[in-house]
């Protein structure tokens, strides 16, 4: 019996799961029905949203910041992060496709997210909490007086709202707002917090200044990372595994059009990200050049570090020759006219071009993920300066174990004199 107890203890130690402050284990994949008794009746809910103009890939970065806040809260109380439904993003411009109220499971693998922090979809929150009501909404903002030069000071204070609120009270004095496209959702109270610092700076406010069971942080992009580039950052980033159906589409495309498979490319992916720890440079990548060519608002802003199409193609051909690659995969947001021009300049380029039915199924966000997945598996990758789309590909390649020299590269502007290449943020386990 004693021996059996020792075995059980060893197994328990080997399979760590997040434990709440109350001592109860959190099990990934729990449904509302499973946990309605016990923890679910006591736990508190953290919700958040981001400035509407911000894109898909910046929002993924904000998730990492909020996840670190949740980990801080979990040291004291039972909390769960409610995933903000996707929708109404500036870059998602495909017509006639319904792209609001999109759950995270359309784009990411929820069991993987749950191995890092407890998360639930918004509709599960409604079911668990008793309705579409959020007890407290905090709108995060800077300080009206700005940051005074000198010593950096992390601080948070309840302050009058600087900008007009994007919430209005109805006749019942509930607050109506965007709320991710859920018109029936109401906020019971809305106030503003001025913040200057990392995400966990608001933890004392949530733990001590409010007893609200559900708290939403609007404009969460105003919070900084707790530990950018550290182990906690990478744990959360690694947990953001793309949805299995999108990875499968990307893998099929690699195989059919780019002669690329995990076995041939020396990739050793694990379905469980917590078990995946690879040496940088151990993966070879597929026999093609991966390219992210950002256009649209990047060129409208007359950025000096974005090349002309001719300049980009010249660099692409140079890289293909240097690395002896005869295939090139291009992910771009170029308008149709530029795409046609690019095709004339680079007739051999390969692109993932979904049918209307596929676009309706995967949506613009899913197509972006498929593009990133294919770029992440290339033998060599070159991206666009300061693009979060390219940054996310850098991270994905780092996770997959590709040589950093084949990852942290960007196009230079035609007249750019000092073309500084992206910084290597080394993965931490």
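Each Cβ is built from the backbone N, Cα and C atoms, and glycine gets one as well.
Binding site for GDP-beta-L-fucose per Swiss-Prot: 53, 54, 55, 56, 57, 292, 293, 294, 388, 389, plus 371 from the candidate set 371, 403. Within 10 Å of the C-beta atom of residue 54 (active site, proton acceptor) sit 18 other C-beta atoms, taking all shown protein chains into account. Put plainly, the recorded positions 192, 293 were compared by Cβ crowding within 10 Å, and the winner is 293. A straight line from the CA of residue 293 (GDP-beta-L-fucose binding site) to the CA of residue 54 (active site, proton acceptor) spans 19 Å. Take the disulfide-bonded residues 161, 412, 419: by the count of other Cβ atoms within 10 Å of each Cβ, the lowest one is 419. Note on the binding-site residues 53, 55: the fewest other CB atoms within 10 A surround the CB of 53. For residue 371 (GDP-beta-L-fucose binding site), the nearest of the recorded positions 161, 192, 396, 412, 419 in terms of C-alpha separation is 396.
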